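The following block contains the structure, expressed as structure tokens.
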Amino acid sequence: MNVKHGTFKGGIHPPYRKESTAEVPLGFGKKPEMVIIPMSLHIGAPCTPIVKKGDTVFLGQRVGEPNGFVSVPVHASVSGKVIAVEERPHASGDRVMSVVIESDGLDTIDPSIKPYGTLEDMDADAIKKMVLNAGIVGLGGATFPTHVKLAIPPDKKVDCVVLNGAECEPYLTADHHLMTSQAEKVVMGLKLAMKSVGVEKGFIGVEDNKTDAIEALVKAIGNDSRLEVYSLHTKYPQGAEKQLIAAITGREVPSGALPADAGVVVMNVGTAAQIAESMITGLPLYKRYLTCTGDAIKNPQTIEIRIGVPFQSVIDQCGGFSSEPGKVISGGPMMGVTQFVTDIPVMKGTSGILCLTKESAKIATPSNCIHCGKCVGVCPIHLQPLNIAEYSQRNMWDKCESNNAMDCIECGSCSYICPAKRTLVSSIRVAKREIIAQRRKGN
């Protein structure tokens, strides 16, 4: 099979700093003594707890029931006893209702869990139902419920599924390790997704700095002519949904539209692998790969870890802090979220825990815009970040909206390239919040 090539216009080349974990063997987290399972592990309506303090639970048992279509159940990632159902700190910065489970160390699987069979055994509806029951969401970070993504509206026509294996965010190597160690499951998950939405074409996009992953996927695909691997130019944000679609299909997703409007379903390679895993074992999404890294970590590593394990436990399993951290980020340096405590749990969308020293975490003092236009040149959406940010700082929300602020994907390329060190993406993010607030008010 020939590997094809592609990229998009714009983007940046930050230091990728992936070597410290890409070249280290995958680690496997120890059995946790306690897990915290938030009722909000996905975009959409939070779940309602269906267990109470003192209950005994099995691994894989539902502990939270979804509310509404855009929601998925949450499951116990250990067997043991529920010791609390209460609000706990969450990666969003809020306190969220959570089920706290003390592990019995046995990992006794819920007896109702059975393998689903094979690809041939399952029809489209059965795949969607399995994906919902397994609590599968986008594992690239967005955590959008996957069964919703697979439920194509009648007025939309899709003709392909694209898997995102770009992993363009600096430091992170979770998807890289997944593609090299579970290539067969990634490909099987792609086939299941294709069958679910009724298409005969599938693509996997991987940045060209991951040649071993590309080789593993090509081998797993074999002679299936319906599937293709794209070697994508190493550039940030190559893994952004619209940029990935443009690089592989040449199609442009219109402003305000979704991938389905361009005839495409996009999902992360980790999501695809989990779909296959759930079919084979019957188990829900209860663990994931994540990268614990940064210059404040003693032994950076990508590790397989249970959902609900506190960040501090993951950090300790990677040797602990090498020095006092100046910043701890859930995710990567470009789009991750800074955390103020390390007792928050690993979420379904936690792709990384990035710990930076105080020196590395220093923020430069911004100065006045010099109108160099660099932010315009690198914007993958072809916006004018300098103008939108200026309007935002003047509270000119209508101007922000007319300059397409809502199309911003908040990738941070503009802030990174700005020689004046202006916090452009932060200003645009404020504008987007205000625009949404005004729309809700009907203004």
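Placement of Cβ uses the backbone N, Cα and C atoms for every residue, glycine included.
When I checked Swiss-Prot for this same protein, it listed these features:
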DOMAIN    359-391  domain '4Fe-4S ferredoxin-type 1'
BINDING   Cys369, Cys372, Cys375, Cys418  [4Fe-4S] cluster 1 binding site
BINDING   Cys379, Cys408, Cys411, Cys414  [4Fe-4S] cluster 2 binding site
DOMAIN    398-428  domain '4Fe-4S ferredoxin-type 2'
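Give me the local environment of each listed feature.
In the predicted model, residues of the domain '4Fe-4S ferredoxin-type 1' (359-391) average a pLDDT of 96.
Cys372 ([4Fe-4S] cluster 1 binding site) falls within neither a helix nor a strand when secondary structure is assigned with DSSP, and so counts as coil.
All protein chains considered, the CB of Cys379 ([4Fe-4S] cluster 2 binding site) has 25 other CB atoms within 10 Å.
Below 8 angstroms of C-beta separation, residues 10-12, 14, 236-237, 240-242, 255-256, 334-335, 364-370, 372, 374-375, 377-381, 383-389, 391-392, 434-435 of the same chain, each at least six residues beyond the ends of the domain '4Fe-4S ferredoxin-type 2' (398-428), sit close to that stretch.
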Setting Cys379, Cys408, Cys411, Cys414 aside, what same-chain residues sit with their Cβ within 8 Å of the center of the Cβ atoms that define the [4Fe-4S] cluster 2 site, listed in sequence order?
Cys375, Val378, Pro380, Ile381, Leu383, Pro385, Ile409, Glu410, Gly412, Ser413, Leu424, Val425, Ile428
Please count the residues of the domain '4Fe-4S ferredoxin-type 2' (398-428) that DSSP assigns to helix (H, G, I), strand (E, B) and coil.
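In the domain '4Fe-4S ferredoxin-type 2' (398-428), the DSSP-based counts are 18 helix, 0 strand, 13 coil.
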Would you kindly give the Cα-Cα distance separating Cys411 ([4Fe-4S] cluster 2 binding site) and Cys369 ([4Fe-4S] cluster 1 binding site), rounded to the nearest Å?
20
Of all the binding-site residues given, namely Cys372, Cys375, Cys418, which is spatially nearest to Cys408 ([4Fe-4S] cluster 2 binding site) at the Cα level?
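In terms of Cα distance, Cys408 ([4Fe-4S] cluster 2 binding site) lies closest to Cys375.
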Give me the Cα-Cα distance between Cys414 ([4Fe-4S] cluster 2 binding site) and Cys372 ([4Fe-4S] cluster 1 binding site), rounded to a whole Å.
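Computed Cα spacing between Cys414 ([4Fe-4S] cluster 2 binding site) and Cys372 ([4Fe-4S] cluster 1 binding site) is 12 Å.
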Determine the most Cβ-crowded residue among the binding-site residues Cys372, Cys414, Cys418, using a 10 Å radius around each Cβ and all protein chains in the structure.
Cys414
Hey, what's the Cβ neighbour count for Cys369 ([4Fe-4S] cluster 1 binding site) at 10 Å?
16
